[in-house]
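Copied from Swiss-Prot, the annotated features are:
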BINDING   GLY156, VAL157, SER158, ARG159, THR160, SER161, LYS162, THR163  ADP binding site
Amino acid sequence: MAINLKLEQIPVVYILSDSIGETGEVVAKAAASQFDSGRVDIRRVPYLSSVREVEEALQEAESAGALVVYTLVRPDLKEYLEKRAHELSLPHVDIMGPMLEGLKQITKQNPKYQPGLIRKMDEAYFSKVEAIEFAVKYDDGKEPRGLLRADLVVIGVSRTSKTPLCMYLAHKGIKAANVPLVPEATPPEELFKIPPHKVVGLTIKPSILFEIRKERLKTLGLSQTADYANMERILMELDYALGIMKKIGCAVIDVSNKAVEETAARVLEIYRKGVGR
């Protein structure tokens, strides 16, 4: 007797926005709740600023068989999206357009068509939110193209507190990305296109890194004899990382026995000096 097991297919919704994209996500989730499962795979693509970025997002959405929901206020991006969505036969829903047109009719005024104006109600808060989202999106070398949009890029070997540092900086409104340096992986080419004063390298004493990694393996329930916590391997990684930092010409900070706050204070000092360049 054959048993027919049909896996539930969760609909994919791409949220395209020239701002944060939160509005589109809220509407998509509210609409999904009206269906039996209420489940939906939300993939937010925020801060779209060019036709190229819109095209890339649409190609991803097409590959995923997704519904495109957009909250674009820039007419050029909106027109391009709608044209390409029709050409690709992509289902798409405009969240912002009808509301803008409705208000335009009753106010007899034209919209400003400027993305993110609502953020100016509390610039500091939204700057922080934007930076946090940026840090999450471009954590651990994900999406190298985002490195060129970062205020700061943090590089270093594994377990030098790159991610905690970037999140700390994000809470200061600084868009920080980080890239792990591993001998077996060639660093992204974008890393070498960034001005040196916007890159900070983190290093650490080998003995301290050895203990940190050994504890990490213990926490994960893995053998402490793994290469990850091998002193010879650690020395090789640190030497390789310092070579990359030297090639870039960036500042290097020793994080040995330093709290994230201490490292961040030094990084902020470097950042503020660089802003004036």
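Placement of Cβ uses the backbone N, Cα and C atoms for every residue, glycine included.
A quick note: this is a predicted structure, and the numbers were derived from the prediction, not measured.
Feature annotations (Swiss-Prot) mapped to structure.
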| residue | record | Cβ contacts under 8 Å, 6 or more apart |
| --- | --- | --- |
| GLY156 | ADP binding site | LYS162, ASN178, PRO180, LEU181, GLY201, LEU202, THR203, ILE204, ALA241, VAL255 |
| VAL157 | ADP binding site | PRO180, LEU181, VAL182, THR203, ILE204, LEU209, ILE234, GLU237, LEU238, ALA241 |
| SER158 | ADP binding site | PRO180, VAL182, ARG213, TYR228, GLU237 |
| ARG159 | ADP binding site | ILE204, LEU209, ILE212, ARG213, ARG216 |
| THR160 | ADP binding site | LEU202, THR203, ILE204, LEU209, VAL255 |
| SER161 | ADP binding site | LEU202, VAL255, VAL260, THR263 |
| THR163 | ADP binding site | ALA135, ASP139, ASP140, ASN178 |
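LYS162 (ADP binding site) falls within a helical segment according to DSSP.
Excluding the listed site residues GLY156, VAL157, SER158, ARG159, THR160, SER161, LYS162, THR163, the same chain places ASN178, PRO180, LEU202 with Cβ atoms within 8 Å of the centre of the ADP site Cβ atoms.
In this structure, VAL157 (ADP binding site) belongs to neither helix nor strand by DSSP; it is coil. Around the Cβ of LYS162 (ADP binding site), a 10 Å sphere holds 26 further Cβ atoms from the protein chains shown.
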